[in-house]
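Right, one structure below, let's go through it.
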Amino acid sequence: MRLILISGLSGSGKSVALRALEDSGFYCVDNLPATMLPEAMAMYDDFGYQDIAISVDTRSGPSLGALPQVVEGLKTQGIDVRLLFLEAKPETLVKRFSETRRRHPLSGSGITVEESILLEQEMLADVLELGTRIDTSELSANALRSWVRELVDADGNRLTLIFESFGFKHGVPQDADFVFDARCLPNPYYDPQLRPFTGRDEPIIDFFSGNKAVAEMIADIQAMIAKWLPCYGKENRSYLTVAVGCTGGQHRSVYIIENLARAFSDRQVLVRHRQLYREH
């Protein structure tokens, strides 16, 4: 059996993620107390369900604290358990609650949305350590659905390398394990003819392909990842996220990420271009 747990901050897109899994054929349950997971999984096994997705968050109350032990117990039963932790920048969450006019689940008399977000972050600190983080601050609903499906489709028994480009002007992604800054490299943005393209397009590839500094940065990042990857593999991690940023997240970082992904193509690799997904 396979169990995907969806957790994270309110307003970060957990409902979108759960619906994406439902569309992919998972039997989905929203807001099940952590302590009820073993009993529920035994029942789903009797029913013949193989792919289960369940959201577990602060609505579970005190039982949330038992989640780490519950997850370990399910794994010892041979269940493939993975947890996706969705989050976003506080200012993004505040804006989302304002736009939707929804009430934060932890808000009450005298507690602001900002304070509710901080409280929820504290309550979920231990849960965050259990899973793969997805920063949805700059993601559209369609992009989030796509990312969730890709993560779930990856082989959970192998370490997945996630290569992610981003723009510093939009903020550093919170879900990155490594962050590299490519803003020191030549920027094709200042050439009006190159500006409309991205790092995946031939004109930008030609622009960078003969540049020594660009080649050296790619080689250095590649060497560092190759050196330390076995160490991270020993931690029984499912995912390792390597992020490269430039100013806007359109040219330099995209080009470098594409090259790194090709360099590690013999491994399980996922590619994300955070700013290219913003409008899709």
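Using N, Cα and C of the backbone, Cβ positions are placed for all residues, glycine too.
The feature ATP binding site is assigned by Swiss-Prot to GLY8, LEU9, SER10, GLY11, SER12, GLY13, LYS14, SER15, with sequence analysis given as support. The GTP binding site annotation in Swiss-Prot covers ASP57, THR58, ARG59, SER60.
Cβ neighbour count for LYS14 (ATP binding site): 23 (other Cβ atoms within 10 Å of its Cβ, all protein chains included). Counting other Cβ atoms within 10 Å of each Cβ, the lowest count among the binding-site residues SER12, SER15, THR58, SER60 belongs to SER15. DSSP assigns LEU9 (ATP binding site) to coil in the three-state reduction, placing it in neither a helix nor a strand. Cα proximity to LEU9 (ATP binding site) (within 10 Å) is found for the following binding-site residues from ASP57, THR58, ARG59, SER60: ASP57, THR58. The Cβ centroid of ASP57, THR58, ARG59, SER60 marks the GTP site; residues of that chain outside this set whose Cβ lies within 8 Å of it are SER7, ASN31, VAL56, GLY61, LEU64, PRO105, given in sequence order. For the binding-site residues listed here (SER10, GLY13, ARG59), the lowest count of other CB atoms within 10 A around the CB belongs to ARG59. When secondary structure is read from DSSP and collapsed to three states, ASP57 (GTP binding site) falls in the coil class. Nearest neighbour of GLY8 (ATP binding site) by Cα distance, taken over the binding-site residues ASP57, THR58, ARG59, SER60: ASP57. Apart from the site residues GLY8, LEU9, SER10, GLY11, SER12, GLY13, LYS14, SER15, the chain places the Cβ of ASP57, LEU86, GLU87, ALA88, LEU93, THR136 no farther than 8 Å from the centroid of the site's Cβ atoms, the recorded ATP location. ARG59 (GTP binding site) and SER12 (ATP binding site) are 15 Å apart (CA-CA, integer value).
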